[in-house]
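Peer 1: Pasting in a structure now, in structure tokens, and then I'll have a few things to ask.
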Amino acid sequence: MNTDFSADPLSAALAAHGAGRLGEAQAVYRSLIEQDPAHADALHYLGVALHQEGNHHGALALMDRALQHAPGDAVCWSNRALAARALGQTSEAAQNLREALRLNPDFADAHNNLALTLRDLGDLEGAARHCRAALALDPGATNARINLGSVLAKLGRLDEAIACYREALDMAPDEAALHFNVANALKAFGDESTAIVHYRRAVELAPTFAAAWVNLGTALGQAGDYREAEHCYREAVALEPNAANLVCLGASLAAQGRNDEEAPYYERALELDPEHADARQNLVWLKLKRGEYREGWAEYARRWRACDYAPHDIEGVREWTGEPLEGKRVLLVHEQGFGDQIQFVRYATEIAARGASVDVCITQPLQLLAQSVPGVHRAWTGKPGGDYDYWIYAMSAPAACGTEFDTIPDKVPYLFAREVEIEAWKRRVQAAVDKTVDKAVDKAVDSEVDNAVDQVVDQAVDQAVDKVVDKVVDKAVENAVDKITGKSAARRKVGLVWGGSPTFYNNRNRSVPLAAFAPLFALDEISWFSLQKGEAARAQLAALETPTVIHDFSDDLRDFGDTAALIMNLDLVIAVDTSVAHLAGALGKPVWVLVPANSEWRWLENRADSPWYPTARLFRQQEVGEWSTAIEALRDALQVSAARDKPPRRANTRKPAVKAERSATVDKAQKPPRKRKAPAQADPLNPDRP
């Protein structure tokens, strides 16, 4: 090591500093300060060295001394801002950087650092301006280009952000952090597959890049590759065994349905961070899924720490936790998704049974239905508030009511569609069924008549063909009409929901492509009704490669009240785990639910029934991503139930009309000509003998 700094000790110290030999550089800086306490450069760069070691307070003290002696040093102002920013003094850091730029407007690094500081302060447009200023001064500044990309991403201008990152990658193709940032932007942009490519490249270039392993695992999990996601999280845990990474690993096991393996990782995370909200909440979900309700509901009260939104607080009104309610006014407040609201609005009845007058605050699409719940005085929408003695979130009610597995309030129905709407939908549903039957009749009559006429022609050589053909046509029409319309009363009316909300984080797991239900559509005597809403649903219906008619009234389903009235006219609802499954169960209608292998807590484990909905039957996915086995089970169950529950045939009112219509089309003039015997040939040896 060269310790001869006699010629130019400051230059030698700066060289050592630049090479990363901080101890060597600091020794020289301190020596220079001992010789000259006003040595601004030594004070400045000793402060920089302390900042690099994490001693930000010491760094600020030294740089403040330096600036007393050299207030015009723009670089010192810029470096002071870095130390202030590290201490969370963001506004002060911005002031320091503005002073640096006042002194030197062409200071590219100061523009870049001010951009980062403004980004932290929420001034994204200002941050973008200073990133561009830095790039105008130094087009090769990779960091400024990366920072501009991150700012544009926060502004939602993801296409511009990705372009910035790609330009930076052209300059530094082997920079792992760049691939990481590109992947983050692509993922936010919705291009998961390309994001995964860049995350993979990041961990190839930097195998110890724990954050890249985590984000790669998250992207793979969202793409449905849970086993590979598990591998990524294990790599991250090996590098950084912190609580967040342990929770990710546990969640990847849960996503594979390996519930017995996930708990130890959450427990370890809580040992490291007892307040880690996600670890605690995931353990709560696991307890509820196992039916451990007493402990699970009690701990569920802490769920807000793991949510993206804060709970309401109604000023002057106490939250109900189980106190006596005789003569009290209580507000039951909705939370989370439509399915949760439907499942837990039943607790209005439980609370009313304790002597309270109960109002329900719920989302608008459920307002009319919520008003039908027994015990509800008034259902309304809007911000919770009002003159009440108590209020409670609907999903806190199980804990306050002391619900255990054996005391789930399971009386259904507890939601009721309006009779006038049920009757209106009854006419529409029957018209749809009749339309399906008409098409089937026409097809069957054509087939029966054509086959019968072909057969009779060969037999009618010496008979009165007209009479025989008339008789056979009549019989063929009768058989065809009997075959189809005689079954119309027995046709089961089945509603179908195959996908959940596209914005729901777990929608990929619970949704099933419509085409996968083809084995069900091949069954006879079922009229299908789509209960699925949205443009994507219509596109799938249009692309269906089956002649099956699926009646779609989705444009007329304005709220859950309309959907409920339609469901009341159906015999069965088949649904994935979405709000319509809850709605059918709450209406007391038979509902068969396709449950994913990594199902939510409410469907429990290894059950074919639901204690929450007595009319529900569960068809469980056996392997994540594979639905064919569950759909085969659905088909078999439909066949068995059709044979068991087949209603008696109604009188055939269609037969005479169809018979007359079809017979009229078989005009005698168009019947096949009679086949007559050929005339006998003359005997050439005996011309008198015919």
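Just so you know, glycine gets a Cβ as well, placed from its N, Cα and C.
TrEMBL annotations: computationally assigned, not manually curated.
The structure displayed is predicted, hence computed values, not measured ones.
Okay, these came from TrEMBL:
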type     : residues : note
REPEAT   : 40-73    : repeat 'TPR'
REPEAT   : 74-107   : repeat 'TPR'
REPEAT   : 108-141  : repeat 'TPR'
REPEAT   : 142-175  : repeat 'TPR'
REPEAT   : 176-209  : repeat 'TPR'
REPEAT   : 210-243  : repeat 'TPR'
REGION   : 641-690  : region 'Disordered'
COMPBIAS : 658-670  : compositional bias 'Basic and acidic residues'
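So that I understand the layout, could you describe where these features sit and how close they are to other parts?
Peer 2: The predicted model assigns the repeat 'TPR' (40-73) a mean pLDDT of 95.
Long-range contacts of the repeat 'TPR' (74-107) within the same chain: residues 40, 44, 47-48, 51, 56-57, 59-60, 63-64, 66-67, 113-114, 116-118, 120-121, 137, each at least 6 residues beyond the stretch ends and with a Cβ under 8 Å from a Cβ of the stretch.
Sequence-remote contacts of a segment are chain residues at least 6 beyond its ends whose Cβ falls under 8 Å from one of its Cβ atoms, and for the repeat 'TPR' (108-141) they are 74, 77-78, 81-82, 85, 90-91, 93-94, 97-98, 100-101, 147-148, 150-152, 154-155, 171.
Counting only same-chain residues 6+ beyond the ends of the repeat 'TPR' (142-175), those with a CB under 8 A from a CB of the stretch are 108, 111-112, 115-116, 119, 124-125, 127-128, 131-132, 134-135, 181-182, 184-186, 188-189, 205.
Across the repeat 'TPR' (210-243), the DSSP tally of helix, strand and coil residues reads 28 helix, 0 strand, 6 coil.
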Peer 1: What are the DSSP helix, strand and coil residue counts for the repeat 'TPR' (74-107)?
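Peer 2: Summed by class, the stretch gives 27 helix, 0 strand, 7 coil.
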Peer 1: Please report, as numbers and ranges, the same-chain residues at least 6 past the borders of the repeat 'TPR' (40-73) whose CB is under 8 Å from any CB of it.
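Peer 2: Those are 10, 13-14, 17, 22, 25-26, 28-30, 32-33, 79-80, 82-84, 86-87, 103, in sequence order.
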